Amino acid sequence: MALPHTVEVLAPVFGVIALGAVLRKTGFVSAEALKAMRALCYWVGLPCVLFLALASRGFSAEAGQTLLVVVAGMAACIVVCYIGAATVRMPWAQVGSFVHTGYRGNLAFVGLAVIASAYPSGASGESEAQATAALVLGPMVILYNVIAVTVLKIGRERFSAAALGSIVRAILTNPLVIACALGGALSAMGWKLPAVVDKTVGLVGRFAMPLALVCVGGALVSTPIRGRLAWSLLAGAIKVSVGPVAGYLVAMRLGLGGQQLAVAMILLACPTAIASYVLTE
């Protein structure tokens with residue numbers, strides 16, 4: 001991707017994020033309003049995007065390959081984070097938070113928006129790249145939550161039936177997972193959405209991307225930085241460097257290229273998710 005095109009793709013994304021930061025910093029958008037916007041995005045907008053992608057296309061072989069690349073990059077980040085934690089002699093109680101920060105990317109709020117900017121929708125609906133990203137997001141949400149609870153529990157407390165139950169409950173009640181399950185079931189049964197429903201769900205889903213970016217900007221100026229800044233920077237550096245490199249090597253082995261490779265690289269290069277802070281707390 002040439003530099004002018006990269007700037008053309010990323011400038012609108014960062015512009016909307018900056019708008020969200022300004023709106024929150026100036027008080028034009030209150031903390032309560034930002035919370036409501038984030039909930040609207042998380043519970044309504046993004047689920048509509050995922051549901052429509054799966055209901056209209058189903059899980060393809062291309063999406064499966066892209067998912068494999070993203071999982072490989074995530075696994076590499078986890079391994080390198082543990083090695084890094086041991087190298088800097090990090091207290092064991094802090095390792096889980098460090099690893100969590102180092103592998104979890106903001107796929108839903110940033111990844112989908114960047115891909116939508118790079119490969120915009122056409123007259124017939126979302127692009128192939130957007131559809132592939134949406135199909136990858138569902139399984140990644142499940143993996144992110146399972147691994148998050150696992151790494152954060154290790155070193156803090158022993159596993160228990162209650163802890164296991166909380167993992168299962170978090171997955172089963174996640175709106176993104178529910179949307180993927182419903183969309184996948186509809187596709188598997190060969191049912192087509194009525195045109196009116198298809199257009200309505202698509203229309204609702206379209207507000208998710210810009211609203212998600214506004215929420216990211218607002219969160220950036222609202223979320224406090226705590227603990228060792230150097231460790232946070234190290235985890236962030238691992239997230240945006242190790243993941244893409246490892247994923248690229250796997251993608252080359254699989255023969256991925258074009259939009260498929262671009263989608264995987266964008267998802268792996270996504271910055272650490274704000275959810276990392278919430279779950280760590």
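Just so it is clear, glycine is given a Cβ too, placed from its N, Cα and C backbone atoms.
What TrEMBL records for 6-24, 36-55, 67-89, 101-119, 131-155, 167-191, 203-222, 229-249, 261-280 is transmembrane segment.
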Touch test for the transmembrane segment (203-222) and the transmembrane segment (101-119), at least 3 Cβ pairs under 8 Å: yes
Seg_contact(the transmembrane segment (167-191), the transmembrane segment (36-55)) with at least 3 CB pairs under 8 angstroms, min sep 6: yes
In contact by Cβ distance (the transmembrane segment (229-249), the transmembrane segment (36-55); 3 or more pairs under 8 Å): no
